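Per Swiss-Prot, GTP binding site is recorded for 23-30, 71-75, 134-137, and the stated evidence type is similarity to another entry. For 217-273, the entry in Swiss-Prot reads domain 'J'.
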């Protein structure tokens with residue numbers, strides 16, 4: 001006969017979670033799930049019609065986890081179908097195609113859609129997100145580099161992984177870390193532990209790196225107007241250099257941003273008497 005202690009231990013081990021996939025059509029959401037659950041890759045594209053549902057069992061941290069996976073269609077046509085499935089979610093697999101930048105730029109829109117459907121009582125800060133930079137096997141056509149994807153993800157406290165559903169690269173590692181984080185979430189009363197949210201860099205640093213990445217010229221990069229004086233250029237440079245120096249800034253892409261700022265200053269000072 002089971003004791004109360006044994007029953008409590010068993011109930012602690014058993015866990016049921018809900019996971020959804022999000023991202024544009026054709027980024028490989030279904031292929032990532034099939035690669036992990038069925039150990040296979042389906043080369044021919046088959047559009048998800050509305051929602052695909054599956055159940056799998058995994059063992060994480062000495063716990064049996066029953067995972068209910070809702071693979072959501074990425075086409076806007078299916079919005080009225082997928083909007084019913086956002087609530088009561090513990091984990092989200094957010095996918096983009098590294099070869100098509102528009103799928104990366106759509107990630108903010110997916111988050112906005114989820115926030116809208118969760119309503120004022122919803123809180124995505126208490127959901128585990130795993131961002132998959134997918135199709136890294138197609139490196140010849142890559143338009144979103146790792147530092148850009150990692151910066152976007154980590155600035156929001158999301159997990160980030162480079163994956164290939166075709167080769168399987170990064171898939172198992174992603175799911176293991178993803179499920180482990182969800183177990184921690186559930187054990188912490190449905191809230192992400194503080195240690196999981198600490199990202200190691202500021203919003204100002206992340207915003208500056210993104211701005212520098214998209215600047216068209218050296219004036220814009222330093223944030224000064226054409227015709228600025230030598231002192232104004234140096235002042236703007238010093239501010240950014242302190243903010244982004246790789247020894248002090250842990251944000252992905254900080255080293256490249258710092259080098260770009262140094263080069264911008266050098267280029268401008270050459271033309272200022």
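Backbone N, Cα and C atoms are what each Cβ position is placed from, and that goes for glycine too.
The model shown is predicted, which means the values in this text are computed figures rather than measured ones.
Confidence over the domain 'J' (217-273), given as mean pLDDT on the 0 to 100 scale, stands at 91. Summarising the environment of residue 72 (GTP binding site), the number of other Cβ atoms within 10 Å of its Cβ, over all protein chains shown, is 25. For residue 23 (GTP binding site), the Cβ neighbour count at a 10 Å cut-off comes to 25, with all displayed protein chains included. Under DSSP, residue 29 (GTP binding site) is assigned to a helix (H, G or I) in the three-state scheme. Here the binding-site residues are 29, 75, and the one ringed by the most other CB atoms within 10 angstroms is 29. Residue 23 (GTP binding site) carries neither a helix nor a strand DSSP state and counts as coil.
DSSP assigns residue 72 (GTP binding site) to a strand. Scoring each of the binding-site residues (26, 136) by how many neighbouring Cβ atoms lie within 10 Å, the top position goes to 136.
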